[in-house]
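Q: Not my notes, these are from TrEMBL:
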TRANSMEM  12-35  transmembrane segment
DOMAIN    17-456  domain 'Major facilitator superfamily (MFS) profile'
TRANSMEM  100-122  transmembrane segment
TRANSMEM  129-146  transmembrane segment
TRANSMEM  187-207  transmembrane segment
TRANSMEM  219-238  transmembrane segment
TRANSMEM  306-328  transmembrane segment
TRANSMEM  340-362  transmembrane segment
TRANSMEM  368-390  transmembrane segment
TRANSMEM  402-420  transmembrane segment
TRANSMEM  432-454  transmembrane segment
REGION    465-518  region 'Disordered'
Amino acid sequence: MQSSMMEKLSFLYKPYVLAVLTIGYISGELGHYLIGVTSKATAIELDYGDQACQQNHTDFLRHELPAQCAEFIIEHECHQQHINGTVYCEWNYNGLGLEYQLLAGPSFIAVFTVMGVVLGVAADRYNRVRMLFVCTLVFAVAILLQGTVKEYWHLILLRMVMAAGEAGCNPLATGIMSDIFPESKRALVMAIFNWGIYGGYGIAFPVGRYITKLDIGGLGWRICYYGTGVLALIMAVLTGTTLREPERQSIGEDAAGKVKVNLWKVLLQPRVLLLMFAASIRHSGGMTFAYNADLYYNIYFPDVDLGWWLFAVTIGIGSIGVVVGGIVSDKFVAKMGIRSRVACLAVSQLLATPFAFGSVYFEPLWAMITLGISYFFAEMWFGIVFAVLVEIVPLQVRSTTIGVFLFVMNNIGGNLPILVDPLAKAIGYRGSVMFFYAGFYGISTLLFFITMFFMDGPKPAASAPSIGHDPTSHANHVEMGHENNTFQPDDYLPSPHTNGANGHRNIVSVRPSESSRL
């Protein structure tokens, strides 16, 4: 009876796995981005970062003040500002400074990128469910312990531990989902899972702002980390006790039929290097905004609550942009070749750039409107970049290339925002955020545009089929299909036993000097 009931409910297992993995990823990303929202409260308790004159009275609107608090750089002058005897400025930690930028970026990214490569390799050899359970448990405990810290260096250390655990989420979960979901649903499943990045980042705004203000049990910002850590612990337990390791499916070519490809020759292609550099600059712009958005709007608009606006724009519009970007590039690439995907990248970032400037230039209403428009176009980039990458590298080194690509992109993109602080001291915080956020969007536009000319254009028209030849046969599709073997040896000819019809091979013999065509 019980086994019969289990069989009837077995259709729920796959969506259940997706839900557990996605919620676990959201909890990890929430723990990652919480520091950007709670930093001011955290800095006041742990004594780190810069101190500045700030408005501390929300009963007064900025236009009612005789002078803006941010104008004063001397502490005693800050304390002298008042309206009818009510002092509206305070000299306190503002959550910024070099210590904050180190905390938000390098301390996390350095460990995250290295462990991501290590765990990605391990995922091909060991039980992924058990590894994911351990990884989720590690970052869950690290997030929980961040709520107990007494010193700044405790926070640095725990973010490094958290990064080590969270680094396993994507490669391990991706492998598990690839083996339990059919190819027809795989893209949708991956999109839902990777939405966890936006989910965690977006939820961090209301959680970090409003839960901290509630001061539950006198814990202030600490309760945010306790709650997130408990959620992550629950997902770790569910992962370890209710998920099972799926049988590994052969998705690509047969291992026995693969041709050796030089990884370095792939990575050092000008188009791969240009794409990697352009993506790194674009990623840096996005991370600058992610780590500074809440602090920026709190400093410049202290009397306006933008927490829910930031939540809606990030989760709603950003997610739509990701999906639309993939659809648009897929529509064009069939007719115009791989070059059209990179053109989509350049155009989307070009359209996003002026609105990104507006989001840090205008007053709150127009700042949120322009931010929404910017997000719609800007967030198209991520899916398109990796669609381009997997289509220009040989199948044999595709996973390794993606791992190296992510390593470089995250290290450059995640660490460059540390320069926001020294530039802010020279030209002001607003100018620094503008440069590293909107300015890097603009620079990436130019780089994507240059990269476009290193990509292949439209596919040549297929020749008419000979008499008696079935134009719908699989073999004929191989001639017209995607070719990824840029580095095919001169003397290689496909075996008659490994043709497209029965060997599942998409290889067309080309010389090393030829580029792949799509």
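In case you wondered, yes, glycine gets a Cβ from its N, Cα and C as well.
Have a look at these and tell me how they're positioned relative to everything else.
A: Packing against the transmembrane segment (12-35) from elsewhere in the chain are residues 42, 100, 103-104, 108, 132, 136, 139-140, 142-143, 146, 155, 159, 162-163, 165-166, 169-170, 173, 176-177, 180-181, 189, 192-193, 195-197, 199-201, 203-204, 207-208, 224-225, 228-229, 231-232, 235-236, 238-239, 242-243, 290: each is 6 or more residues past its ends and has a CB under 8 Å from a CB in it.
Remote same-chain residues near the transmembrane segment (100-122) are listed as 32, 35-36, 39, 43, 48-49, 131, 135, 152, 155-156, 159-164, 166-168, 170-172, 287, 291, 399, 403-404, 406-407, 410-411, 414-415, 417-418, 420-421 (criterion: CB distance under 8 Å, separation of at least six residues from the stretch ends).
A Cβ distance under 8 Å defines the sequence-distant neighbours of the transmembrane segment (129-146), meaning residues of its chain 6+ beyond its ends; these are 21, 24, 27-28, 31, 119, 122-123, 155, 158-159, 161-169, 172-173, 176, 225-226, 228-230, 232-233, 235-236, 239-240, 243-245.
With a cut-off of 8 Å between Cβ atoms, the residues of this chain six or more beyond the transmembrane segment (219-238) that come close are 20, 23-24, 27-28, 30-31, 34, 38, 41-42, 45, 133, 136-137, 139-148, 207-208, 211-212.
Sequence-distant neighbours of the transmembrane segment (306-328) (same chain, 6+ residues past either end, Cβ-Cβ under 8 Å): 191, 194-195, 198-199, 201-203, 205-206, 209-210, 293-294, 297, 344, 348, 364, 368, 371-372, 375-384, 387.
Using a Cβ-Cβ cut-off under 8 Å and counting only residues 6 or more beyond its ends in the same chain, the transmembrane segment (368-390) has close neighbours at 191, 198, 272, 275, 279, 282, 286, 306, 309, 313-314, 317-322, 324-326, 328-330, 338, 341-342, 344-345, 348-349, 351-353, 355-356, 358-359, 362, 398, 401-402, 405, 441, 444, 455.
Within the chain, the transmembrane segment (402-420) has long-range Cβ neighbours (under 8 A, six or more residues past its boundaries) at 98, 101-102, 104-106, 108-110, 112-114, 116-117, 120-121, 171, 267, 272, 276, 279-284, 286-288, 291-292, 386, 389-390, 432-433, 436, 440.
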Q: Given the cut-off of 8 Å on Cβ pairs that are 6 or more apart in sequence, determine whether the transmembrane segment (340-362) and the transmembrane segment (187-207) share at least 3 such pairs.
A: no
Q: Could you tell me what the rest of the chain brings near the transmembrane segment (187-207), counting residues at least six beyond its ends with Cβ under 8 Å?
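A: Residues packing against the transmembrane segment (187-207) from afar: 18, 21-23, 25-34, 36-37, 170, 173-174, 177, 181, 224, 227-228, 290, 294, 307-308, 310-312, 314-315, 318-319, 322-323, 326, 379, 383.
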Q: Express the predicted model's confidence over the domain 'Major facilitator superfamily (MFS) profile' (17-456) as a mean pLDDT, rounded to an integer.
A: 85
